[in-house]
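Lifted from Swiss-Prot, the feature list:
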- D84, D86, D88: Mg(2+) binding site (BINDING)
- C85, C102, C109: Zn(2+) binding site (BINDING)
Amino acid sequence: MNTETKSLPAWLDKVRWDDNGLVPVIAQEASTNDVLMFAWMNREALAKTIETQRAVYYSRSRKRLWFKGEESGHVQHVHEVRLDCDEDVVLLKVEQVSGIACHTGRHSCFFQKFEGTVDGGDWVAVEPVLKDPEHIYK
């Protein structure tokens with residue numbers, strides 16, 4: 001994670017970063033308001049997102065910036081960036097290129113819906129796979 005924040009813009013200080021220097025981010029399709037995905041950003045990722053108008057996240061597993069679509073081509077063009085009332089969650093209103101945001105090949109990462117009751121329910125996939133992930137990631 002980039003700990004050199006001196007050269008980053010002062011407006012980043014308004015965001016309430018967690019103890020790891022991260023903030024949760026929701027990506028939402030600008031045209032439909034569909035919630036596409038949840039991810040994390042550090043200061044550098046948020047600044048890069050504003051600068052490029054493309055979604056850049058911070059990968060906690062890879063411990064580096066993750067340019068959405070860098071492998072798949074499924075980039076997110078950012079139309080608007082919002083900060084919630086507590087200043088601890090970022091919302092990106094995006095155009096999802098190719099319509100696929102999820103690594104499973106679906107439009108949204110939120111493709112599983114709970115059906116049933118507390119005693120007899122389960123999660124059911126309610127969105128189709130638009131493209132086989134094996135053909136997305138080579």
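The backbone N, Cα and C atoms fix where each Cβ goes, and this holds for glycine too.
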Round to the nearest Å and give the CA-to-CA distance linking C109 (Zn(2+) binding site) with D84 (Mg(2+) binding site).
-> 21
Report, in whole Å, the straight Cα-to-Cα distance of C102 (Zn(2+) binding site) from D84 (Mg(2+) binding site).
-> 24
Which of these binding-site residues has the least crowded Cβ, counting other Cβ atoms within 10 Å: C85, C102, C109?
-> C85
Same-chain shell around Mg(2+) excluding D84, D86, D88, C-beta within 8 angstroms of the CB centroid, reads R16, L83, C85, E87, V89
Which ones in the same chain are close to D86 (Mg(2+) binding site), with CB under 8 Å and 6+ residues apart in sequence?
-> R16
